[in-house]
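J.: This is the structure I have questions about; it appears just below.
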Amino acid sequence: MLAKRLVPCLDVKDGKVVKGVQFRNHEIVGDIVPLAARYAEEGADELVFYDITASAHERVVDKSWVSRVAEQIDIPFCVAGGIKTISQARELLAFGADKISINSPALTDPSLISRLQDEFGRQCIVIGIDSFFDATSNSYKVKQFTGDEAATKDTQWFTQDWVEEVQKRGCGEIVLNVMNQDGVRGGYDIKQLSLVRAICDVPLIASGGAGTMAHFRDVFIEAKVDAALAASVFHKAIINIGELKAYLAAEDIAIRR
């Protein structure tokens with residue numbers, strides 16, 4: 001059995017790490033490099049950095065802090081933010097990122113997924129999906145440009161359809177960001193993640209809702225995800241990664257130690 005991964009998420013805005021609730025009202029929580037170093041020291045398996053306003057503001061993630069992170073940590077990390085071309089992706093990988101993630105640009109141009117996969121290989125292409133439960137239609141739908149509340153818009157895609165589409169086009173991993181659960185620390189959306197798991201043949205990373213150690217246990221056991229991403233519980237030191245790993249190991253979950 002492959003070991004499950006714990007992945008702290010660092011949302012970046014204007015050169016600082018920020019955190020919001022349900023993708024709104026972001027507040028500054030710290031500096032990029034010190035937080036990255038702290039999580040690596042605590043035992044994180046990898047890190048994800050999202051430049052949350054890059055796509056909406058028509059720019060690419062700032063490469064200067066990418067190189068500084070690469071110099072400070074010895075665990076894999078993934079970078080996202082406005083990546084639209086092979087050359088932009090190549091530059092970020094050259095600056096030290098191990099994976100690149102695309103979200104809104106893939107929705108605008110789905111062929112980007114295939115082009116990146118052809119150039120760099122499936123293993124370093126991650127697709128982020130911002131999924132929102134629409135109570136009116138009783139369905140899960142994909143939203144775009146979610147890093148800027150004023151720019152956020154609905155798309156034509158139902159979440160499960162988009163999950164299938166990005167796999168056909170060659171993605172290597174999927175991060176399912178459950179917007180309704182984001183930042184509220186009430187637990188992962190086991191129902192939605194289980195539905196996606198049933199049609200997802202690539203590694204699936206759960207994102208949105210972690211509040212207790214038991215939430216991590218539940219999402220690994222019940223939704224059978226490959227990794228769990230979290231932000232506020234780590235930023236606010238509610239949960240220590242090393243202690244979380246010990247807890248999960250005691251619950252008979254295969255975890256990297």
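Just so you know, the numbers here start at 1 and follow the chain as drawn.
Including glycine, each Cβ sits where the backbone N, Cα and C put it.
What Swiss-Prot records for D11, D130 is active site.
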J.: Taking the Cβ of D11 (active site) as centre, how many other Cβ atoms lie within 10 Å?
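T.: The answer is 23 other Cβ atoms.
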J.: Using C-alpha atoms only, work out the spacing between D130 (active site) and D11 (active site) and round it to an integer in Å.
T.: 14
J.: Note down the number of other Cβ atoms within 10 Å of the Cβ of D130 (active site), including every protein chain shown.
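T.: A count of 26.
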